[in-house]
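Features of the protein shown, as given by TrEMBL:
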- 6-81: domain 'Cytochrome b5 heme-binding' (DOMAIN)
- 120-140: transmembrane segment (TRANSMEM)
- 146-163: transmembrane segment (TRANSMEM)
- 238-257: transmembrane segment (TRANSMEM)
- 278-299: transmembrane segment (TRANSMEM)
Amino acid sequence: VWMASPAQFSRSDVAAHRSFDSCWTIIHNNVYDITSWISKHPGGDLIRQGAGTECTAIFESSHPPYVNESYLSKYKIGELIPEERDQRYNYHGEFWTVLKKRVWGHFKTNNIDRHDCVEYYLKSLLLFSLFAMFYVMGLYYGTYKLTLVAAIIGPLCAICIMHDGQHGAASKHPFVNHATGWLIDFFGSSGLVWKHEHNLGHHQYTNTETDPDATSGAPFVRLSPLAPHEWYHKYQHLYIWVMYSVIMIRWYFVDYYHYFTGDFNGTKLYPASKVENVLFWLGKLTYITYTFLLPAYLYGVGWGVIYYLTFAVAASYSFAFQFTVNHLTPDVHWPTNAPDQEKDWAKMQILTSSNYAVDSSLAAFFSGGLNFQIEHHLFPTFCHVHYKSRIAPIVQQTCKEFDVPYNAIPSYWEAISGHYYQLRALGNPKTIS
């Protein structure tokens with residue numbers, strides 16, 4: 001029986017279909033028209049992250065083993081042309097197949113919900129209530145010390161609450177994920193841009209030349225051995241601590257550029273929905289109101305500036321000190337296009353990440369589970385409260401069986417020290433192979 005060859009499309013063909021009326025995506029080098037599936041998707045409009053682009057890694061890390069290519073067959077319209085297929089990763093290796101089956105099977109067998117965890121909701125309520133209380137008290141009494149406490153607690157809300165929401169890990173209800181995920185907007189950045197930078201860019205291509213987290217400092221800072229070296233990088237381990245202080249200020253304003261140009265590092269943003277447009281502008285207005293306009297109205301412009309800088313700098317350092325220790329330390333791997341490069345996607349997620357203080361419940365609480373970065377990258381749609389007690393033991397055991405290095409730094413201090421030494425080493429290319 002003669003069968004017609006499947007239609008073939010280029011990446012530019014797929015990129016032309018990223019709207020609500022026509023939404024295509026690429027998974028395992030197959031092209032799918034998911035337009036009719038968006039409104040039915042159990043995870044809500046998070047599926048639109050793949051609009052007009054590749055989303056294989058997100059698909060693999062977000063769904064149980066039984067949701068595979070055959071499940072999507074009715075939406076398949078063709079294949080990616082051979083010369084544009086991504087050869088970096090293999091998603092069908094024995095290690096990932098076994099690990100994925102074990103983790104999802106553990107939750108199913110024990111009837112454990114990966115979402116809607118009481119511990120997560122209580123933690124969220126506690127942190128945000130403390131932030132609101134100290135902010136209101138500081139503003140009402142005109143006490144800067146209370147405001148400083150609020151500024152320190154605020155980023156913890158973003159890290160511990162919004163991160164799960166942005167990955168669809170907070171709840172099985174999309175509305176809850178939107179609400180918790182919006183805290184990144186409330187604290188100065190944009191959830192819409194975050195999805196493109198973090199979910200699509202960083203999680204899919206960790207520590208590669210296209211990972212936004214590995215290239216964000218260029219040309220002033222060399223965070224990756226894959227990046228070009230400049231003479232002034234010799235001093236980056238000294239001046240970077242000043243640059244870290246303005247991360248949130250940069251995020252707040254550069255979001256406008258991404259929003260109006262529809263571009264993120266050369267990649268088109270998928271068109272924002274009505275909800276995403278409202279959340280973007282509501283976030284920008286809310287943040288500038290409580291960090292500057294309200295204090296300026298009550299106590300004068302000078303105090304408004306002080307309040308704004310307090311919140312911006314505190315958040316900048318909080319984000320910097322949380323995210324840099326997970327991938328920018330000496331023991332992590334930097335993938336290349338070498339013929340002998342490891343191709344197993346799951347192994348590469350482990351090799352390019354580092355955990356820290358895995359025995360500390362305190363570290364797990366205040367980092368929002370980011371001290372289990374390996375587990376987070378492998379299973380980002382599981383609520384972070386499960387990482388330490390339920391997922392990590394399975395990952396560690398499977399790594400041991402398959403002889404996969406599991407990088408766990410003993411303490412946070414050693415992790416941040418490692419980041420310092422990594423920066424110093426990257427400043428001198430002779431020390432980097």
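Cβ coordinates are placed from backbone N, Cα and C, and glycine is handled just like the others.
Helix, strand and coil counts from DSSP across the domain 'Cytochrome b5 heme-binding' (6-81) read 32 helix, 18 strand, 26 coil. Averaged across the domain 'Cytochrome b5 heme-binding' (6-81), the predicted model reaches a pLDDT of 92. Sequence-distant contacts of the transmembrane segment (278-299) (same chain, six or more residues past either end, CB-CB distance under 8 Å): 135, 139, 142, 178, 182, 184-192, 252, 255-256, 259, 272, 305-308, 311-312. Long-range contacts of the transmembrane segment (146-163) within the same chain: residues 123-124, 127-128, 130-131, 134-135, 137-139, 169-170, 180-184, 186-187, 191, 307, 310-311, 314-315, 318-319, 322, 365-368, 370, 384, each at least 6 residues beyond the stretch ends and with a Cβ under 8 Å from a Cβ of the stretch.
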